[in-house]
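In what follows, a structure is listed as structure tokens, so that the remarks can point back to it.
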Ligand SMILES: [Zn+2]
Ligand SMILES: [Zn+2]
């Protein structure tokens, strides 16, 4: 027998919202989903009229839904934003080829300009070439570090005010857990912030911070949005995988777990007198870093010197080596549009 | 029809990365109509007949692994009694993984 929509619109419900347990029809679900993202944007004052905003687009479900919803809200509520798609091509054969195709489709569907930046352009190395050097054990370190900076660099090139990423509530809760498990107090403090910004680097924000992954997938499905879904073909981070499954198991027993963990992360404060790494700018490339020389520059130096393990794990040796070669900085590549 | 039972024809689809666990994304099935088919019975049938390997990525205990959505004719199975739901002819059962790359 059909269940009536909890919003009392008179229609029958199509789905049970994981976040609230409400049974809603499609239209009422769309409305609730969009309103929550809108409220997040307004309450956290993420944007200002006239802002140039780059959407970090991977072709996956989160960024596809983010691009769709931001375009819709920008029109519905007249935010006055100038929206762009920004993609990073890591240079992984058979992985990005398909997902970049999806991003190109987003560009057409959402009528937004797209800029694709490749690791090769930015760093002189594709991920395929890096894996050939370092093997598959540490390649996710490289990929993650390079990707983070690639977005900043791309944003700087595009002259945007803000980069929005598709991080959802599950991602944030998972990161809180990971930082607890690793004892990484500095990241634990930062990881729940909806807006992050380095000294003179561009604002990063997460409009889907309070949006459940399940609802993103349901929204994409019912809106018939096309996205790309495969794991990266290189070994996934097993430790993170466990944290994710643990979270999914908790969510099944009590759906509010995800919001509760985010809330715990937000309320957490570090006692005075605890030494925190300070945030500054890399002396080589100028992007935000907790060290004198940023992780990307250290990893890159290792690759270029044929010492790919440089910068993985304890970095004293890396610092010594780098100190000796800081002269040859300024060789930063410029990227043309 | 020799036994006097009518086979149950349904469609089973996998998306969102769940299709990676199977040969085909879309499967037209004729299930033996000798007894009642609940979604739970279908889950085990899928595990035994369609799943390529790694059943733990699809099933956990007697239900789908957390993070996999189930829809019957575009309706959330949580509104339909989940595993208790009795399949009808021409039902379309859709499994969508939320666990794959974002
Ligand atoms: Zn409704
Ligand atoms: Zn640097």
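Each residue, glycine too, has its Cβ placed from N, Cα and C.
All annotation found in TrEMBL is predicted automatically rather than curated by experts.
Under the heading domain 'tRNA(Ile)-lysidine/2-thiocytidine synthase N-terminal', TrEMBL lists A:52-229.
Sequence-distant neighbours of residue A:88 (ATP binding site) (same chain, 6+ residues apart, CB-CB distance under 8 A): A:56, A:58, A:116, A:117, A:118, A:119, A:147, A:150, A:151, A:154. What TrEMBL records for A:56, A:57, A:58, A:62, A:88, A:166, A:171 is ATP binding site.
The feature domain 'Cytoplasmic tRNA 2-thiolation protein 1 C-terminal' is assigned by TrEMBL to A:280-310.
Using a Cβ-Cβ cut-off of under 8 Å to chain B, the binding-site residues A:56, A:57, A:58, A:62, A:166, A:171 reduce to A:58, A:62, A:166, A:171. Assigned with DSSP, the residues of the domain 'Cytoplasmic tRNA 2-thiolation protein 1 C-terminal' (A:280-310) fall into helix, strand and coil as follows: 10 helix, 4 strand, 17 coil. Cβ neighbours within 10 Å of residue A:56 (ATP binding site), excluding its own Cβ and spanning all shown chains: 23. Residue A:58 (ATP binding site) has a Cβ environment of 22 other Cβ atoms inside 10 Å.
For residue A:171 (ATP binding site), the count of additional Cβ atoms within 10 Å of its Cβ stands at 22 [all protein chains shown].
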